[in-house]
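The active site annotation in Swiss-Prot covers TYR271, HIS282, LYS313, and the record cites sequence analysis as its basis.
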Amino acid sequence: MEGHLSDGLVEVGPNGRERYYDSSGYGRPDGAGVRLAPVEAAYLLARGDLDAVDGMGLEAFLADTPDLVVPFLVYRDLRERGFYVSPALEGWVADHAGIDFVVHPRGDGPWDGTVAYRVRVVDERGSVRLDSLGDVVLAVVDEESELTYLETDRPAVDGTSGLEADLTADGVLLEDRVLCWDAPPALYEQGFYGQRMDREDGPLQLSLLEAAHLAATGVLSVAGGAAAVEARGRDAEGERFDRRLTVYRTLRERGVVPKTGFKFGADFRTYADVDSVSELGHSELLVRVLPADATLSPRDVALDVRLAHGVRKRMVFALVDDGDEIRWVSVSRLTP
């Protein structure tokens with residue numbers, strides 16, 4: 001059978017519906033015929049299930065539509081994994097904006113209206129606006145045409161950690177940290193604030209983020225109060241400090257303990273359920289704090305995810321806008 005290009009779709013005449021849509025979920029019915037998206041037509045040409053499109057075989061068809069190559073690679077891979085795949089065209093799928101394909105659960109087709117994955121195709125050299133993620137799968141195609149799937153979500157970040165007793169401590173601001181000489185033991189043991197300087201009962205050193213939060217909540221007394229600590233933080237980091245402080249405070253308010261994630265290349269590693277430092281488990285998340293409009297390359301996203309996976313943690317981006325609202329986006333590897 002041969003197709004004909006019309007209004008950006010490939011029309012296949014009589015018997016097209018039965019052969020392509022009814023039996024295998026390709027395209028959308030058009031009477032007894034079927035209308036195929038170009039990527040579907042390319043796949044059928046590659047399989048030999050479609051003879052030509054306006055006389056063109058696969059080579060000529062791809063040459064005529066060069067921007068089709070990368071989506072074709074993803075479509076082919078998903079089809080060969082056993083999925084029915086609908087191109088995300090208006091009128092074909094619901095909520096089509098921002099995606100390229102809807103992947104139906106195995107055993108289902110476009111007539112079922114079910115969704116396993118909403119897929120966006122990204123070239124390795126492209127860019128990803130992080131606040132557009134959260135309900136899509138990124139299908140990243142590298143320069144050797146290998147595929148990496150990254151699943152994104154908007155997680156609920158919360159825990160049960162906190163201080164049960166009202167505590168107070170005095171501190172001294174020294175360069176980029178605060179030192180507490182006689183801090184209550186529970187501040188560290190139960191709240192996991194700071195680090196002991198030299199031994200179990202030694203002075204407690206707090207990061208500027210920890211000190212700013214404790215000063216703002218009335219736990220820590222320091223010359224100049226929270227404002228002095230925050231000013232020192234801005235001197236050291238600029239606006240980045242304010243974003244990180246917003247995320248730090250929010251995590252603490254939600255019962256999550258944030259600690260430095262420096263050795264993992266992140267802003268924080270987090271613990272959701274801290275009862276005591278002596279019984280501390282592994283951290284669950286790596287958190288990078290970025291502006292709300294942050295854009296990263298697929299390579300950078302993949303590196304973050306790979307590192308988090310390698311240390312058995314989940315990668316989360318905390319996107320902070322000018323009003324201190326936070327959008328949480330998690331990204332992880334996916335094998336469809």
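The first residue you see is number 1, and the count goes up from there.
Using N, Cα and C of the backbone, Cβ positions are placed for all residues, glycine too.
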In sequence order, which same-chain residues at least six apart have a C-beta under 8 angstroms from LYS313 (active site)?
PHE264, ARG269, HIS282, SER283, GLU284, LEU285, LEU286
Using all protein chains in view, find how many other C-beta atoms are within 10 Å of the C-beta of HIS282 (active site).
9
Which residues in the same chain, at least 6 apart in sequence, have a Cβ under 8 Å from the Cβ of TYR271 (active site)?
GLY159, SER161, PHE192, VAL256, VAL257, LYS259, LEU280, GLY281, SER283, GLU284
